[in-house]
Amino acid sequence: METSMEASRSSAPRLISSDRPRLVLSDEERDAILEEISHYENPRAASIEALKIVQKHRGWVPDEAILPIAELLGIPGSDVEGVATFYSQIFRQPVGRHVIRLCDSMTCYINGHETFLDVIKRELGIAPGQTTPDKRFTLIPVCCLGNCDKGPAFMVDEDTYGQVEANDLMRVLEAYE
Amino acid sequence: MTQRTRPLASFGTANRSPRARETHPLTWRLNDDGAPVWLEDYRRKDGYQAAKRALTEMTPEEVCEEVKDAGLKGRGGAGFSAGTKWSLTAKGDGIPRGYLLCNADEMEPNTYKDRLLMEQQPHQLLEGMIIAGYANHSFKGIVFLRGEYVDAARNLKRAVVEAREAGLLGENILGSGFDFDIHVHTGAGRYICGEETALINSLEGKRANPRAKPPFPGQAGAWGKPTVINNVETLSSVSSIIANGVDWYHGLCRPGSEDHGTKMMGFAGKVNQPGVWELPLGITVREILEDYAGGMRSGCTLKAWQPGGAGTGFLLPEHLDAQMCSNGIGKVGTRMGTGLALAVDDSINMVSLLRNMEQFFARESCGWCTPCRDGLPWSVKLLKALEAGEGQPGDIEMLLELTRKLGPGKTFCAHAPGAIEPLGSAIKYFREEFEAGIAQPVHAATAAVGDAG
């Protein structure tokens with residue numbers, strides 16, 4: 001499955017049409033999306049949450065998931081695609097087992113965010129937007145994490161860190177296998 | 001007011017005084033260890049008494065008037081009167097009941113106040129939402145929370161369940177006949193979602209492009225219904241006003257402040273004790289820096305500061321005696337914004353800092369309006385050249401032209417004006433740092449030799 005997705009990604013163009021390859025959402029994914037729909041006046045409102053649900057189960061949102069989500073919500077696939085490409089926390093390509101979100105806002109810049117970038121580059125060999133060859137970590141930039149008094153701030157998956165010195169950064173990351 | 005504070009995860013003793021209940025309405029209930037104030041604890045500390053009073057003893061109009069008279073201004077950065085916003089909301093016969101949205105999309109660089117209020121005092125926010133919902137005839141409250149605030153989401157959801165089980169949410173709240181429920185909605189990134197009309201589009205499951213106004217959300221907002229959008233801190237301030245009254249609220253600020261009440265304020269950057277504290281509006285910035293943040297770290301000299309978020313202009317050390325309130329900061333040429341200040345020390349080059357900042361704003365532009373979509377990356381390109389010492393004559397003038405072309409009124413929303421205001425102030429105060437980035441013209445003789453070779 002993984003390989004065929006990769007193959008379809010490399011074969012341009014990425015058109016949205018009914019004959020486009022699609023995957024089948026799991027019952028768990030469907031149920032979670034239907035539950036989200038129930039919270040809003042209109043099923044469309046659950047589009048972002050639906051993408052997050054699929055991402056939670058698969059690690060990212062493959063192209064093949066767009067149409068099944070659109071059908072469940074009763075909206076055009078292009079609308080789901082438009083949303084999926086707009087929001088920065090929806091991943092449209094595979095990411096590593098752990099996602100490092102490093103705040104690059106000005107307060108963290110002042111407090112040494114670039115030193116953190118250097119450590120990650122040196123120790124893991126990745127820059128923002130990249131994944132380590134062993135698929136362990138992906139590094140992405142993120143808007144201010146609201147921890148400016150403890151910066152540089154970063155998250156690993158759902159854990160938020162502050163008050164970490166640059167030379168302790170790798171020790172924090174070691175815990176994520 | 002000159003007590004030293006200890007750097008703690010929450011503010012701990014910073015707001016502990018015998019009269020904290022009267023002087024620190026937003027924070028006196030906080031636990032010293034930072035543990036959330038859950039329902040039982042919150043009720044023991046007079047929680048939900050204000051909601052009870054509003055719902056059972058006051059009309060919605062009276063609640064609007066009380067909040068308007070108190071002078072509570074929006075704490076998200078724009079500073080519009082909350083009570084006025086509420087009284088302008090469409091309501092009455094034939095008008096469907098609408099939504100009360102809590103803007104919890106805290107992403108403004110150097111803003112770290114709503115996170116604390118939501119993680120540690122979720123019920124104070126819910127109580128404010130119930131009162132605001134009642135005042136605005138809303139049938140549903142939705143907290144629009146950024147996806148990265150995982151702990152805030154967990155705590156708010158737990159608080160909602162607690163409140164529902166206690167009959168504080170749902171049908172016929174406290175026997176008042178008022179029905180209202182709250183849902184916690186989490187986003188998926190993008191700073192622009194904090195713009196109120198973009199927030200509505202995002203909530204509806206669309207790309208977060210801002211909408212044209214009018215119609216204002218109060219007339220036609222989420223799903224076309226009357227919609228009120230208030231910041232977390234604004235809503236968290238409401239219950240104390242209803243509980244203690246207008247005169248008390250007017251007495252909280254310092255003399256000279258046109259804004260009333262207290263506000264979460266902070267100082268970050270290379271200061272000794274970066275943090276966030278509840279302080280009276282009108283306190284001087286110098287007091288915040290020296291008495292609360294403990295002054296600059298040893299070896300660091302203050303060079304510039306911003307009063308409240310990336311979208312506010314830079315100021316100089318000579319402006320530190322300005323009062324932290326809209327008229328106080330307005331007097332020195334910019335806006336209070338979120339009231340969380342940032343210290344820029346002398347090790348920071350202004351061109352590099354502005355490059356970092358405009359990269360952020362360029363990345364976060366939704367792309368809807370051309371000046372913003374094209375102008376911000378252009379400013380980044382120019383700033384990168386200046387940072388590398390490869391700027392060309394005219395680059396600074398071009399940056400200044402961008403500050404005009406991206407200014408207020410040129411775009412749908414305030415993203416571009418907010419992005420470009422700090423740049424104008426940085427050039428105004430630190431022009432020599434920008435000029436230092438202009439490449440030295442190649443000497444005529446050297447050029448001639450080069451050509452001949």
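Cβ from N, Cα, C; glycine included.
Sequence annotations record features per position, and here TrEMBL assigns [2Fe-2S] cluster binding site to A:CYS103, A:CYS108, A:CYS144, A:CYS148.
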Legend entry - Spatial neighbours of A:CYS103 ([2Fe-2S] cluster binding site) that are distant in sequence (at least 6 apart) but have CB under 8 A: A:HIS113, A:PRO141, A:VAL142, A:CYS143, A:CYS144, A:LEU145, A:ASN147, A:GLY151, A:PRO152, A:ALA153, A:PHE154
Inset, instruction - Give the sequence-ordered list of residues that share a chain with A:CYS108 ([2Fe-2S] cluster binding site), lie 6 or more positions from it, and have CB atoms under 8 Å from its CB. - result: A:LEU102, A:CYS144, A:CYS148, A:GLY151, A:PRO152, A:ALA153
Legend entry - Three-state secondary structure, which DSSP defines for A:CYS108 ([2Fe-2S] cluster binding site): helix
Legend entry - Local Cβ density at A:CYS144 ([2Fe-2S] cluster binding site) - other Cβ atoms counted within 10 Å: 27
Inset, instruction - According to DSSP, folded down to helix, strand and coil, what is A:CYS103 ([2Fe-2S] cluster binding site)? - result: strand
Legend entry - Interface-proximal binding-site residues, chain B, C-beta separation under 8 A, candidates A:CYS103, A:CYS144, A:CYS148: A:CYS144, A:CYS148
